[in-house]
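Chemist: Pasting a structure here, questions to come.
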Amino acid sequence: MAALVLFGGGGDLAMRMLLPSLYFLEHDGLLPDGLKIIGAARSEESRDEYVSKVRASVESKAKADDAWSPEAWARMEQRLDYLAVDATSAESLKPLKDKVGEGECTSFLAVSPSLYARIVTAMRAAGLAEPGDRVVLEKPVGRDLQTFSEIDDAVSDAFDEHQVFRIDHYLGKETVQNLIALRFGNTIFEPLWNNLSIDHVQITVGETVGVGDRWPYYDEYGALKDMLQNHMLQLLCLVAMEPPSDLDPDSVRNEKVKVLRSLRRITPEEAERVTVRGQYVAGKSEGEQVPGYDDERGLDSDTETFVAIRADIDNWRWAGVPFFMRTGKRLPEKRTEIVIQFKELPHSIFDNDRGQVTANRLVIELQPQEDISLSVMNKRPGLDQRMQLQPIRMSLSWGQDDKDAKPPRRRIAYERLLLDALNGDSTLFVRRDEAEQAWKWVDEVSQAWTDGNVKPIEYKAGTWGPGEADFLLERTGRAWNTKNG
Ligand SMILES: NC(=O)C1=CN([C@@H]2O[C@H](COP(=O)(O)OP(=O)(O)OC[C@H]3O[C@@H](n4cnc5c(N)ncnc54)[C@H](OP(=O)(O)O)[C@@H]3O)[C@@H](O)[C@H]2O)C=CC1
Ligand SMILES: O=C1O[C@H](COP(=O)(O)O)[C@@H](O)[C@H](O)[C@H]1O
């Protein structure tokens with residue numbers, strides 16, 4: 001019988017994301033038969049206590065999504081177990097190995113990354129890193145290439161690469177996978193997907209939340225390492241990669257690594273021109289007055305809560321096509337999108353008084369809505385003597401045929417990822433060399449900031465970051481996409 005061990009099974013990630021995801025999979029009949037789910041953390045508590053904590057968390061989430069089923073919960077409850085362990089000690093893990101038994105074991109490390117190296121070493125000694133076993137690692141693995149490598153060396157002493165599943169939860173988002181379908185399941189986009197037709201690409205991950213009491217973690221990372229090193233570079237890779245020969249995990253990941261290797265280095269001389277660091281100060285967010293980052297932190301800090309970067313990919317397909325990325329806390333909207341901006345018409349046959357002709361734009365929206373839309377120019381209906389033009393937005397989203405149908409439940413990204421990890425499919429997980437390349441590029445940016453003494457520029461909470469982020473595009477004759485295109 002197979003087992004899924006959740007180290008840190010009582011923590012925030014497990015209770016808010018992992019266990020509800022497992023419930024939803026159970027609800028939909030997707031969990032493998034006989035799979036045991038074992039929470040493992042140091043707190044001394046009984047199985048019953050653990051199960052009732054899990055139920056409280058799962059039930060409220062499932063009810064909010066109209067997916068609570070006592071039968072599904074009864075099946076999930078049967079699978080659940082708990083054991084108090086110190087996961088860094090092989091001795092302490094032996095009873096866990098007995099509970100797991102001889103079946104395949106997938107261990108999810110939902111604990112502080114500072115424990116990863118010690119935990120995998122203890123797992124190996126306790127027999128929890130056998131050839132059929134797997135380990136799932138949450139981000140952030142390390143703070144830079146060196147610390148990443150130190151942790152990952154310990155991981156690779158215990159597990160072969162095909163047994164290691166490094167999570168980037170953005171890869172579990174439905175629209176991110178849909179991007180793969182859009183690019184490689186259609187013939188019409190690929191001939192245009194290059195520097196002949198595309199002017200530039202924008203990737204925005206805007207959040208309205210502040211850092212709040214997460215600052216002890218955040219202050220060590222900042223927006224560059226918390227968001228850009230992983231989620232945003234993964235999105236960039238999926239937009240920019242060459243078509244893989246198949247959907248085999250290594251075929252996809254080989255292509256992503258090639259993109260990361262082609263990213264132009266950002267030197268200290270370039271840093272001020274192609275990057276913007278920002279930090280929010282007090283302002284209004286979603287109608288409420290909110291404190292600045294330094295006020296939350298209680299001390300002055302040089303950590304950026306906003307970053308905007310122009311990245312260039314030095315290969316044949318993308319030569320001359322800048323990729324602009326921006327992310328930040330306390331921005332005006334929770335909005336995650338990828339914008340593919342096509343080039344202007346080479347020559348317009350329409351005078352300006354017929355309506356402004358705007359270049360085509362493909363917007364892949366991940367949050368708050370999931371949607372893919374293409375803006376195209378269209379004739380305004382009517383009998384005007386002089387034909388008038390207008391841009392229209394064509395939605396390419398799934399499930400839109402029947403407008404009255406209830407949209408499918410929006411899945412938690414971890415549902416897809418947990419299922420794939422249990423099935424041993426690592427396509428949507430990050431391979432070691434991908435993470436290394438991403439760290440290498442980001443480390444250089446970070447070093448360039450240090451060498452060039454580039455400090456965060458203040459921006460008011462509730463705004464789109466420092467004005468310099470707008471200037472990053474404006475000086476190239478471009479502008480960030482706004483909500484309504
Ligand atoms: N929370 C979130 O939304 C997200 C979290 N993450 C990552 O997930 C990981 C966990 O985060 P989060 O859930 O927030 O953290 P928490 O602090 O809420 O939970 C950590 C868990 O680890 C357990 N733990 C600590 N030491 C040990 C040990 N030696 N042996 C066994 N269990 C131990 C703790 O329980 P006890 O004290 O009982 O041992 C607790 O259950 C981190 O890597 C974080 O960066 C990533 C993305 C989002
Ligand atoms: O990994 C992280 O992601 C969240 C944003 O995730 P999303 O799915 O809500 O877009 C971010 O808030 C957090 O700082 C970061 O660690």
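Glycine is no exception: its Cβ is also placed from the backbone N, Cα and C atoms.
Curation does not apply to TrEMBL; its annotations are automatic.
According to TrEMBL:
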DOMAIN    5-178  domain 'Glucose-6-phosphate dehydrogenase NAD-binding'
BINDING   Arg42, Lys139  NADP(+) binding site
BINDING   His169, Lys173, Glu207, Asp226, Lys329, Lys334  substrate binding site
DOMAIN    181-481  domain 'Glucose-6-phosphate dehydrogenase C-terminal'
ACT_SITE  His231  active site, proton acceptor
Chemist: Are there any residues in the same chain, six or more apart in sequence, whose C-beta is under 8 angstroms from the C-beta of Lys334 (substrate binding site), and if so which?
Modeler: Gly206, Glu207, Thr208, Val209, Gln367, Pro368
Chemist: If the criterion is a C-beta within less than 6 angstroms of any ligand 1 atom, which of the recorded positions Arg42, Glu207, His231 pass it? List them in sequence order.
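Modeler: Checked recorded positions vs ligand 1; flagged Arg42.
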Chemist: Within a 10 Å radius around the Cβ, which one of these recorded positions has the most neighbouring Cβ atoms: Arg42, His169, His231, Lys329?
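Modeler: In terms of Cβ crowding, the pick is Lys329.
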Chemist: Using the alpha carbons only, what distance in Å do you get between Arg42 (NADP(+) binding site) and His231 (active site, proton acceptor) once rounded?
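Modeler: Cα-Cα distance, Arg42 (NADP(+) binding site) to His231 (active site, proton acceptor): 31 Å.
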Chemist: When you rank His169, Lys173, Lys329 by Cα distance to His231 (active site, proton acceptor), which of the binding-site residues ends up on top as the closest?
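Modeler: That would be His169, the closest of His169, Lys173, Lys329 to His231 (active site, proton acceptor).
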Chemist: Let's check the environment of Lys173 (substrate binding site): how many other CB atoms sit within 10 Å of its CB?
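Modeler: Within a 10 Å radius of the Cβ of Lys173 (substrate binding site) lie 24 other Cβ atoms.
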Chemist: With every protein chain in view, how many other Cβ atoms are within 10 Å of the Cβ of Lys139 (NADP(+) binding site)?
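Modeler: Summing over all protein chains shown, Lys139 (NADP(+) binding site) has 18 other Cβ atoms within 10 Å.
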Chemist: Could you check which of the binding-site residues Arg42, Lys173, Asp226, Lys329, Lys334 have their CB within less than 6 A of ligand 2?
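Modeler: If the test is a Cβ under 6 Å from any atom of ligand 2, the answer is Asp226.
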Chemist: Can you tell which of the binding-site residues (Glu207, Asp226) has the fewest other C-beta atoms within 10 angstroms of its C-beta?
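Modeler: Each of the binding-site residues Glu207, Asp226 was scored; lowest Cβ tally within 10 Å is Glu207.
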Chemist: Restricting to the domain 'Glucose-6-phosphate dehydrogenase NAD-binding' (5-178), what is the model's mean pLDDT?
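Modeler: Mean pLDDT, the domain 'Glucose-6-phosphate dehydrogenase NAD-binding' (5-178): 96.
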Chemist: Between Lys329 (substrate binding site) and Lys139 (NADP(+) binding site), how many Å separate their Cα atoms?
Modeler: 18
